[in-house]
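Colleague: Below you'll find the structure I mean.
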Amino acid sequence: MSAHLKAFACGARDTLPMLLGALPFGIIFGTLAIASGLSMPATLLMSALVFAGSAQFIAVSLVASGAGLAVLLATTLIVNLRHMLYSASLLPYVRQLSPRWKVPLAFWLTDETYAVVHRHYLDANASNEHKHWYFLGSCLAMYSNWFVCTLIGALLGSSLPGMAGWGLDFAMVATFIGIVVPLLRTCPMLLSAVVAAVVAVAANGLPYKLGLMLAALAGVIAGVLAERWSLESGKLTGGVDEPV
Amino acid sequence: MSLFEIALIGGMALITFSIRYGLFAVGHRVRFNPLVSRALTYVPVAVLTAIIAPAMLLPGDGSWQLSWQNAYLIGGIAAILIAALSRNLLATIFGGMLVFFLWRWLLA
C-alpha cells in the first residue's frame with residue numbers, strides 16, 4: 001500500500017469510534033426530518049451539502065415548529081461558528097496545501113474529524129508529508145457514515161408515516177442532553193446553561209422562534225461574565241477549557 | 001423539493017462552508033480577540049440548552065406542563081441523570097428514550 005493510502009486508511013480507522021457515536025444521531029436525524037415535513041430529496045441533500053449534525057437537527061426542529069427562513073439561517077450561523085475555531089487551529093498545518101485540498105478538507109471539517117485530526121497533527125512520530133491524507137480519510141469516513149445513516153433514517157421515516165406522533169422528537173432532546181451535560185464542568189458553563197434555559201422558557205411565546213436567539217445570547221453573555229468574575233475574584237479552582 | 005427547501009439548504013450550505021473555509025482561504029495566521037474565542041466556547045451549551053428547556057417544560061402546543069404526567073419532563077430528567085453519571089452519549093439517548101416511552105405507555 002502506498003504511503004498516502006496508508007495515511008488515508010489510518011485516518012478512517014482512527015475515526016471509527018466517532019462513527020459509532022454519529023450512527024444513531026444520523027438515523028434519528030433522517031427520521032425526524034421526514035416527520036417534520038421535509039421531503040426525502042431535501043433531507044438527503046441537507047446531509048450531503050450542509051454536513052453539520054447539530055445545525056441540521058436544530059433546523060429540522062425549527063422547520064417543524066414553523067420558523068421562518070431568516071431565523072433558520074441565523075441559527076445555522078450561530079450554531080456553526082465554533083467551526084471557525086477549528087479551522088483557525090488547523091490553519092498552520094494546511095496553509096501550504098493547494099485549494100484543491102483546502103476546499104474539500106474545509107467542507108468536511110466536523111467536530112469529530114477536528115478532534116481526531118488535530119491529535120494526529122501534534123503526533124511527532126507520524127510523517128508530516130501525508131497528514132492531509134489522514135485528514136481526508138477521517139473526513140470521508142464521517143461523510144459516508146452520515147449520509148448512509150440519514151438515508152436509513154429517512155427511509156424508516158417515510159415507510160412508517162405515523163412516526164411523527166411517536167414522540168421521536170424526544171430523541172433529539174435526549175441527544176442534546178447527552179451532549180450538553182458532560183460540558184457542564186465549570187460554574188460559568190453551568191450558569192450559561194441555566195440562564196439560557198430560563199430565558200428560553202420565558203421567551204418561548206415570541207414569534208419566529210426569536211426566543212431561541214435571545215436565550216442563546218443571554219447564555220453566552222452570562223457564561224463570559226461569570227468567567228471574568230470568577231477569574232478576577234480568584235475563585236476559579238477547576239480548569240476552564242481552553243478554546244482549542 | 002419546494003422553493004423553501006432549496007433556499008434553506010442552499011443558505012445553510014453556504015453559511016456552513018464559509019465558516020469552515022474562510023480562514024483556510026485567507027491563509028495567514030489569525031489571532032482571535034480572546035473575548036470572542038471565550039464567547040464561542042459557550043455557544044454550544046447555550047444554544048442546545050435553549051432548545052432542551054422549552055422542549056421539556058412546554059412540549060407540544062407551548063403551554064406550561066410542570067407535571068409528572070409530562071413524559072418529556074420525566075424522560076428529560078432521566079436523561080440528565082444518566083448523562084451526569086455516565087457521560088456517555090449512547091447511554092443517555094437510549095436510557096432517556098426508554099424512560100420516555102415507558103412513562104407514556106404507563107400513562108396511556
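A Cβ is built for glycine as well, from the same backbone N, Cα and C atoms used for every other residue.
In case it's useful when we look at the structure, here is the feature table from TrEMBL:
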type	residues	note
TRANSMEM	A:21-51	transmembrane segment
TRANSMEM	A:57-79	transmembrane segment
TRANSMEM	A:133-157	transmembrane segment
TRANSMEM	A:163-184	transmembrane segment
TRANSMEM	A:189-206	transmembrane segment
Colleague: Among A:57-79, A:133-157, A:163-184, A:189-206, which stretch has the highest count of C-beta pairs below 8 Å with the transmembrane segment (A:21-51)?
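Modeller: Checked against A:57-79, A:133-157, A:163-184, A:189-206; highest Cβ contact count belongs to A:133-157.
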Colleague: The transmembrane segment (A:57-79) vs the transmembrane segment (A:163-184): three or more C-beta pairs under 8 Å (separation of 6 or more)?
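Modeller: Contact criterion met.
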Colleague: Using a Cβ cut-off of under 8 Å, list the residues of the same chain at least 6 residues beyond the transmembrane segment (A:133-157) that approach it.
Modeller: 4-5, 7-16, 18-19, 22-23, 25-35, 40, 43-44, 46-48, 51, 53, 94, 104-105, 108-110, 112-113, 116-117, 120, 126, 163
